[in-house]
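Reading through the structure tokens given below for one structure.
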Amino acid sequence: MQRHLISAADLTRDDAVLILDTAEEMARVADRPIKKLPTLRGRTVVNLFFEDSTRTRISFEAAEKRLSADVINFTAKGSSVSKGESLKDTAQTLEAMGVDAVVIRHGASGAPYRLATSGWIDAAVINAGDGTHQHPTQALLDAFTMRRRLVGRDAGIGQDLAGKRITIVGDVLHSRVARSNVDLLHTLGAEVTLVAPPTLVPVGVGTWPCEVSYDLDSTLAKSDAVMMLRVQRERMNAAFFPTEREYSRRYGLDGERMAKMPEHAIVMHPGPMVRGMEITAEVADSDRCTVVEQVANGVSIRMAVLYLLLGGNEPAVTHTRTEEK
Amino acid sequence: MSKILIRGAKVLGGEPQDVLIDGGLVAEIGTGLSAEGAEVVEADGKVLLPGLVDLHTHLREPGREDSETVLTGTRAAASGGYTAVFAMANTFPVADTAGVVEQVYRLGREHGYCDVQPIGAVTVGLEGRKLAELGAMHESAAGVTVFSDDGKCVDDAVIMRRALEYVKAFGGVVAQHAQEPRLTEGAQMNEGVVSAELGLGGWPAVAEESIIARDVLLAEHVGSRVHICHLSTAGSVEIVRWAKSRGIDVTAEVTPHHLLLTDELVRTYDPVYKVNPPLRTERDVMALREALADGTIDIVATDHAPHPHEDKDCEWAAAAMGMVGLETALSVVQQTMVETGLLDWTGVADRMSAAPARIGRADGHGRPVSVGEPANLTLVDTAYRGSVDPAGFASRSRNTPYAGRELPGRVTHTWLRGKATLVDGKLA
Ligand SMILES: [Zn+2]
């Protein structure tokens, strides 16, 4: 493992499988009456959020607390891009406080990379979403969810997603989730297809390790998982598509479309869902939809990442098993 | 001392000769010239060029003296072998009146390192709505002939048309920063493979190309002269080539960094590579080099854009756009154009001195190295190899993409009307 987690593209297959396996161990902690490990006792983790995301922040915070870390939440909403110095200033303040890890969410693509490489700070840096670039822990929790559902909880240990066919639908252009997932799922051996109107596919996508389609219906029958991305209504005003209705008609997932998917196939969404536009309530509430599991799995994945980046060399597996005795 | 004998210099890269400067003019060229009464500079086979002329410099004064001043900027220019620079109008206040351009012009003359020819804004406050007093700036002591809203595009087709027409009255030229504003909203880097991966807002080539296409057609329609600033894409080259073949009076410039660097460097997220127009692809770089060699692109201009450290020591999106370039331009051109065999030193003298002086009507600059001409000269040690150390820059700013990079060649001497401004690599 590297010292930082900036991009899903930085993970090797073995790194990724190790994180998923470790997350399975972490998930067991959640099943116990006392959901806490002493692993990061005495270590300080800062959640540095320049951009609002209560869901992601709470997920990281839960993971940090279950590992007994001291947690500092730092919200610097709105101050990021207009006042360029704030990232460096903040970083140096945290450095002076002897922080061991920084979980950073930032509106600017590359901000976590700058934080990790510019020499401003010594701590481990975990990217919790940067601009339209990457959101690696989201990709990991998605992969974890897929492995559990499509390979199996116990059968999945040590396994990747070889041969699984994953379709990602929606605003790929602005989506760090899509970028991270394409990278990680490819590394794990899955075949990825992006489906979106051409306006929401980045110029230059041709080099990505995935297929691109503009037609959702033709991809459904051969998908093991369909991941719906968040589509912001503002995109309509920027002429990315004509109307909300037309978007739903062509790229929304409703019951009829879900019926075209194979029996075992699952529906995923990074949340929060916009019901009606990208996904109907019928689909969102079906037992094939993994949104709630994804949230729970997020905590296990973030525990695993923090553990592996900060917890030292000892494998989590033996550690937790000893604890249980 | 008014008499200087440059001994054994390869004039425009030719056979070594002696060049005698007297009274601010080139007095004699030959072999075995007498050194009597003259200070001798042993050139030892260095290349002697006409003093370089930069049609695109940002001096930042007035308004951002923390980045650069006329003094520090012209010292940087002299260090890079320049004897004249055209100072862009995007200062605070904007150079859109006779008063501002005269001030900048006068400061250049007073400091004496390099002639400063101010560029006037095309529109009031660079706002693109109302023509600035183009005639008054031309008639001022600064004698402005080049007008540009650089930093911003004159995107309103009617305003552009009127400006092109209006400056014909006094032989002016409009230098366009070609950037369709709507197509580049939120743009952070070249739109393509790398931007897709990095998730940075794309600056598509067509945003440049569509404006160039429109402007050459406008120039044709009204019979005016248009200059395209910092051309950066292969497609732009094609449009300019087509326009020239049609007889349209268009000239174009390329920056040293667009001749050398590509958008792959943005993968570092290091804002030192953030520039407008953005670094493009390898294919664009090669097209630009060829176009400069065959004359489709007329000149090299630096777009020297100094910024203080704090404006670059931050995350990419928050960083200022631009690079300093005056002190490294000739080295980059040597590496990309001369050492690749695309251009000889005569060609370099044309693209970096004669042609920019002609486009900007800078009398006394860009003249041939011959007897009776003003002694605006630059001596280059082309055999020199070394890595760039920004700590040694005369510019007040250090935002160079070449720190630690090895570049060939070094300017050792610069003379402005026979007066040394740079001697043995040190400012006089
Ligand atoms: Zn410009």
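Cβ atoms here come from the backbone N, Cα and C positions, even for glycine.
Values in this document were obtained by computation on a predicted structure and should not be read as measured data.
Within B:ASP150, B:ASP155, B:ASP156, the residue that TrEMBL lists together with B:HIS177, B:HIS230 for binding Zn(2+) 2 is B:ASP150. In TrEMBL, the Zn(2+) 1 site is described by B:HIS56, B:HIS58, B:ASP150, and among B:ASP298, B:ASP303, B:ASP311, B:ASP313 the residue recorded at this site is B:ASP303. In this structure, B:ASN276 is the one among the binding-site residues B:ASN90, B:ASN276 with the smallest number of other Cβ atoms inside 10 Å of its Cβ. Here the Cα atom of B:HIS56 (Zn(2+) 1 binding site) is found 16 Å from that of B:HIS307 (substrate binding site). Within 10 Å of the Cα of B:HIS230 (Zn(2+) 2 binding site), not one of the binding-site residues from the list B:HIS58, B:LEU59, B:ARG60 places its own Cα. Closest to B:ASP150 (Zn(2+) 1 binding site) in space, going by CA atoms and restricting to the binding-site residues B:ARG60, B:ASN276, B:HIS307, is B:ASN276. Cα-Cα distance from B:HIS58 (Zn(2+) 1 binding site) to B:ASN90 (substrate binding site): 8 Å (rounded to the nearest whole number). Those same-chain residues not listed among B:HIS56, B:HIS58, B:ASP150, B:ASP303 yet with C-beta within 8 angstroms of the centroid of the Zn(2+) 1 site C-beta atoms are B:THR57, B:MET88, B:GLY151, B:CYS229, B:HIS230, B:ALA301, B:THR302, B:HIS304, B:ALA305.
Around the Cβ of B:LEU59 (substrate binding site), 30 further Cβ atoms fall within 10 Å across all displayed protein chains. In this view, the densest Cβ surroundings among the binding-site residues B:ASP150, B:ASP303 belong to B:ASP303, judged by other Cβ atoms lying within 10 Å.
Under a cutoff of 8 A between CB atoms, and with a sequence separation of 6+ in the same chain, the neighbours of B:ARG60 (substrate binding site) are B:SER67, B:GLU68, B:THR69, B:GLY73, B:THR91, B:PRO306. Among the binding-site residues B:HIS56, B:HIS58, B:ASN90, B:ASP150, B:HIS177, B:HIS307, the residues whose Cβ sits under 6 Å from any atom of ligand 1 are B:ASP150, B:HIS177.
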